[in-house]
Amino acid sequence: MRRWLVASMAPQLHQLLQPVRRCHHPLRIPSVQLAAPRSHTHEDIAYASCPACSRVVHMCDMLTHLITAHRELDQTHCRKMCTERLALYERVIGVPLKKSELTSSGRRVLDFLPTVLPTGYMCNWCDRRSDVYATRDKFLKHVADVHTDIDLEEVEPHVPLPPRGVVVEKSNGDGGPQPTRRLNGVVAVAEKSEPINAVPRILGISLPRGVDRPLKATAQFSDTEFPCELCNRTFNSEIDLLQHLETRHPDGTAEGPAGVDSAAIADVAQFSAKEATTGGDQRVHVICDLCVSSSKVYKMPSALFSHIRFKHPNEDAAFHVERLIREQKTVSSFVCTVCQKAFASAAALDGHFNSKHAEQGEAQNVVGRVTANNCWWCHDCEKGFSSAKGLHGHMQNKHGLSSQTHPCPACKRVFADIYSLEEHLSLQHKTIRLSDIGLLTHVKCSTCERFFLSHEDLHRHAVKHHKKDPRAPAQPFEAPTSASHVAASTSAAVPSEVEATASPQGPRKVKKRKKTTEVSEVTS
């Protein structure tokens, strides 16, 4: 009975096992896909999670990671996914993605160690992984010769040793390696490899900003914009302009309009390098008087040198930079208290403040009404405090004011600041005052009724907001005359009784006055 059932079911079992026998090739999974980026930004497009292990990998290294760590995936499908994502990055950002970027782990070298095969080592740092090195020493020699940017001493301890029991036999026979089994009707075809013609990459800024937009040659620039004289791009600050000149036009070989003098570019680069080494922190407020109608204020000598070198090529740029800085050193400038931009006139500053910082007008109005909550003023950040101790702590935390201990002259107790000492004296030693020991707690501005911690802060405040002469001393000298001198000078014309009623607080020199009257009677 059993034999009859097996014989009857044999054709059905043969049909079921036939598809399985045909699947002699290894399993490939082409259905994996990269997750769509959350937004079209550099961070979200340049990095992606591996669809197999969820590891965040840089897109320039994603293909290498997929075909080395997940060999069960289809290489053609993986290459197509990576190519589409790189094309999306170039279409959105505007430039190809650089391969010099590191992976998320920051150790790109150790993330792609060589693959150990039965026949040797395969280098994963090469773009084309077709060569296999038979020994570990040959692989390390390849790394030292080809990949010079990789530290060999750092990589060598992590390169694994060849597995035990693997012996590479060298045969001197005429025939090469032959397959052990062939199917009927199958003809062996030699493998052909076509070289890949890689498109040369265009090196540039990986993250172009909105302010770096190209403009027409006839465009008109406002006083708050800083254009590049070579490619007509505009920037919002001089620092951005200088960085653009150093990166895009360093030696005259970068892209630029026809007719640009390469010597001028070299002079600008040399002047900027000299300024960075000798006086890179110098800040000035200079207007170019060579231009007929120009009200742009230059705050860096290198930016002024670049303007004169390109706009006025027949002039000596270095001489005029030194001359303008020397002549306009004492000229008062108009600087915005919010964004620190300089302007040539008060009207230009008011227009900028009303258009750019209208909402912060009340908060930044220095000459406004003084209240008890903001009478203690910080000149650096234009902010008021309700107490001197709060202003002192702000100056220490934000502006690096040096801390100094103050001992009590009576009980020798040490305090961290002068205001704690003043509070201690008012409670424990009421007969001692800070003025008796020569300590100053604050100074007051006579114009706006604000308090400052030192005469230097008051001087800078008065120069900036009350048109004080910057050459004037920060601390005024004491008057040579006093109340006693005034009273003595007016004693001859005013009787003693009237003088006593007019100035009861003045000192009375009765003995000296009597002596002078007696001497006058004797002489008469």
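Each residue, glycine too, has its Cβ placed from N, Cα and C.
Annotation comment: Swiss-Prot describes 1-22 as transit peptide, evidence class sequence analysis.
Regional average pLDDT for the zinc finger (48-70) in the model is 85. Annotated zinc finger per Swiss-Prot: 48-70 (among others), in sequence order.
Taken from Swiss-Prot, the feature zinc finger applies to 121-147 (among others), supported by sequence analysis.
The feature zinc finger is assigned by Swiss-Prot to 226-249 (among others).
As annotated by Swiss-Prot, zinc finger applies to 286-312 (among others), with the evidence given as sequence analysis. Remote same-chain residues near the zinc finger (286-312) are listed as 223, 226, 229-230, 238-239, 241-242, 245, 264, 267-268, 271-272, 275, 279, 318, 320-321, 324-325, 328, 333, 342-345, 348 (criterion: CB distance under 8 Å, separation of at least six residues from the stretch ends).
What Swiss-Prot records for 334-357 (among others) is zinc finger. Assigned with DSSP, the residues of the zinc finger (334-357) fall into helix, strand and coil as follows: 11 helix, 4 strand, 9 coil.
The helix, strand and coil residue counts that DSSP assigns across the zinc finger (376-399) are 11 helix, 6 strand, 7 coil. If you look up Swiss-Prot, you'll see 376-399 (among others) marked as zinc finger.
Through the fold, the zinc finger (406-429) approaches residues 388-389, 392, 437, 439, 441 of its own chain, all at least 6 residues removed from its boundaries and within a Cβ separation under 8 Å. Annotation comment: Swiss-Prot describes 406-429 (among others) as zinc finger.
Taken from Swiss-Prot, the feature zinc finger applies to 443-465 (among others), supported by sequence analysis. Non-local neighbours of the zinc finger (443-465) in the same chain are 366-367, 370, 375-377, 379, 384, 388, 391-392, 395, 472, 474-475; each lies 6+ residues outside the stretch with a CB under 8 Å from one of its CB atoms.
Swiss-Prot lists 463-524 with the feature region 'Disordered'.
Residues or ranges marked as compositional bias 'Low complexity' in Swiss-Prot: 479-500.
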